[in-house]
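Worksheet: the structure to be examined is printed underneath.
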């Protein structure tokens, strides 16, 4: 990939902004804004105590990581330290992944309700979401901005003109602020409404706004929204963001959850998390082992896999 693009001119004033909604607002109100704009900021979704706990739990991994240790991501600059698989490293992040508002949003957006036609009958079934990846983004001073992009490009998703339907979305992301995020220290750029664009429309930097947040808030966005990390121009300041990204259960996760999360940790996880990681089969036969649901006797299945 070519060199990273130059920073956005500091004199640029956005003509749009991201709607801010309390995390305890009615789920229908949150979903309506998400469908309209493609992204929003949920305020106060994580307590200050949990923000501190996440920072403490992940700091040892951040200290051991190298800024350039993300070879698979050529869109991430060297000034960014990424720690992968954080639901297996931070018990607090694993707990947050099961928050009611997060669970409801990912289910309402990503759960697929399907009908199968047989010779003599039809059957209805659902396929729940999966965890796509869980990561830290620690962006140091001088980190350049990313190119504007859509996250769903990893699955080769194409977008066509016509009536928009939220049911066609395949990805939903939550980026939690581990510190105060500002335009100056690299707050995520986003283009509200771009989730309804066709595949050929090219995003412009004069269409972006910035996901500026207080610690504990989250930028929630669809995989169809054009966005990108901003440029950190503040000396001695690191922008800390923690990401949880979910996909439809019919797609292959970006992060291989069977290898990213230690199996010793998996055995102690909830049924909800086992489903998100892909260890528990949905109502179809996806993910079976030995002709059955691996979650029914997970220790035995993992012992077999380790033999």
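Every residue gets a Cβ built from N, Cα and C, even glycine.
Same-site candidate for Fe cation binding, as annotated by Swiss-Prot with 149, 151, chosen from 227, 231: 227. In sequence order, 171, 173, 223, 227, 245 constitute the residues six or more apart from residue 151 (Fe cation binding site) in its chain with CB-CB distances below 8 Å. Same-chain residues that are not part of 149, 151, 227 yet have a Cβ within 8 Å of the Cβ center of the Fe cation site turn out to be 146, 148, 150, 153, 223, 225, 226, 228. Looking only at the binding-site residues 149, 227, the densest Cβ neighbourhood within 10 Å occurs at 227.
DSSP gives residue 149 (Fe cation binding site) a strand state.
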